[in-house]
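Asks: Heads up, here are the entries from TrEMBL:
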- 20-40: transmembrane segment (TRANSMEM)
- 31-279: domain 'G-protein coupled receptors family 1 profile' (DOMAIN)
- 52-70: transmembrane segment (TRANSMEM)
- 82-102: transmembrane segment (TRANSMEM)
- 135-162: transmembrane segment (TRANSMEM)
- 182-208: transmembrane segment (TRANSMEM)
- 228-253: transmembrane segment (TRANSMEM)
- 265-282: transmembrane segment (TRANSMEM)
Amino acid sequence: MSNNTTTNVKSTEHLVTTYYPLVLVINGTLLNVLILIVLYRPTFRNTKKQPIIHYMRAIAIFDIFMLYGWNLDHYLSSKHGFRLLTYSIATCKIFGFLNYFAGHSSAWLRVFMCFDRYISASRLRRPWCSRQKGVLIIISCIIILVTLFNFHFLIFACFYRPNGTIDPNAQLYQIYPLWDNINLGVYNCIPFILMVIFNSGVFIYHLIKRRRVRVIQQSQIQHRAISITLVITTFLFLTMTIPATIVAAFFATAPPTDLAKILDSILYTYHLTSFPLYLITFKEFRWEFIKMITCKNNNRRIVPTQVVIAIARTPNQL
């Protein structure tokens, strides 16, 4: 009886670790494509007033890419007995590069999205980096720098061993686990610290400066809702991505276990969370999505309105 129970548990674990990555690929692609469709509808087309929409669109794209690296390899290796990372020299180079490029880009886009919220909240007028042109420049710089940072995969990685199999390392140096250790800092630790700093800055600013008298330009997109979304995203980033990256960095030479695969699946699940978060916390996104699925046309665009925030005067103002 005990042996049958153990066998059933192992069989269930194998089914979950085999097919869940495929579920992530399908659902993650659909949900992130839905984000792009909603964010390109009329309500969100006036990106001059809300440049942060560019970050949200870019993150959705890289979250899709993220699911087609190691995550897809987990399914292919368990179900079909091969991995893209060792299938051919071409797939080895491309997917070796993609595994890190997509993750680094997604993480740093989130960092600068938090930075944009901090800048928008703490300044009366937007600086250049928080305007549409500045945001597009920042996104382009992130993509270029991350590409250059991981470009060595496309040049040096992957070679044939004497027995004819493919080694995903480089002949000149050992990529793994070196790059897994670097990935822990570049993908997890540094972005998480910066996201916490910027989100804390937004919270402290609203807490201390909320009584300042000023006239501000405020879009109908609720800044508070976006800030709440970013706080939740930062917390999920900590709990869902760091454990798997730590395991990859410090236990890279150990044979892959079901626990490691489960932690990996949790990591990749994080890149599906944007859609439900936007739907729950971002009212304009939710309304636009409902109008889209109910086939209601909406030609209303976001137009900034003047909002006057009044406070009691200080003795110097009397």
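Note: Cβ is positioned from N, Cα and C throughout, glycine not excepted.
All annotation found in TrEMBL is predicted automatically rather than curated by experts.
Have a look at these and tell me how they're positioned relative to everything else.
Replies: Long-range neighbours of the transmembrane segment (20-40) within the same chain, counting only residues 6 or more positions beyond its ends whose Cβ lies under 8 Å from a Cβ of the stretch, are 53, 56-57, 60-61, 63-64, 66-68, 71-72, 74-75, 79, 265, 268-269, 271-272, 274-276, 278, 285, 288-289, 292.
Outside the transmembrane segment (52-70), and at least 6 residues removed from its termini, the chain residues within Cβ reach (under 8 Å) are 24-25, 28-29, 32-33, 35-36, 39-40, 44, 85, 95, 98-99, 101-103, 105-106, 109-110, 112-113, 116-117, 120, 132, 135-136, 139, 226, 264, 268, 271-272, 274, 278.
Tertiary neighbourhood of the transmembrane segment (82-102): same-chain residues 62, 65-66, 68-70, 72-73, 76, 146-147, 150-151, 153-154, 157-160, 165-166, 168, 175, 179, 183, 187, selected by CB-CB distance under 8 Å and a gap of 6+ residues from either end.
Residues 100, 103-104, 107-108, 110-111, 114-115, 117-118, 121-122, 149, 227, 230-231, 233-234, 237-238, 241-242, 245-246, 248-249 of the same chain sit 6 or more residues outside the transmembrane segment (182-208) yet have a Cβ under 8 Å from a Cβ within it.
The list of residues near the transmembrane segment (265-282) in space but at least 6 beyond its ends in sequence, with Cβ under 8 angstroms from a Cβ of it, reads 17, 20-21, 24, 27-28, 31-32, 34-35, 38, 56, 59-60, 63, 66-67, 71, 74, 106, 221-222, 225-226, 228-229, 232-233, 236-237, 240-241, 243-245, 289.
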Asks: At a C-beta cut-off of under 8 Å, are there same-chain residues at least 6 beyond the transmembrane segment (135-162) that contact it? List them, or none.
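Replies: Cβ under 8 Å, 6 or more out: 51-52, 54-55, 58, 89, 92-94, 96-97, 100-101, 104-105, 108-109, 112, 116, 129, 168-173, 175, 186.
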Asks: Mind checking which residues of the chain, 6+ beyond the ends of the transmembrane segment (228-253), have their Cβ under 8 Å from one of its Cβ atoms?
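Replies: For the transmembrane segment (228-253), the far contacts come to 107, 110, 113-114, 117, 176-177, 180-181, 183-184, 187-189, 191-192, 195-196, 199, 203, 259-260, 263-264, 266-267, 269-270, 273-274, 277-278, 281-282.
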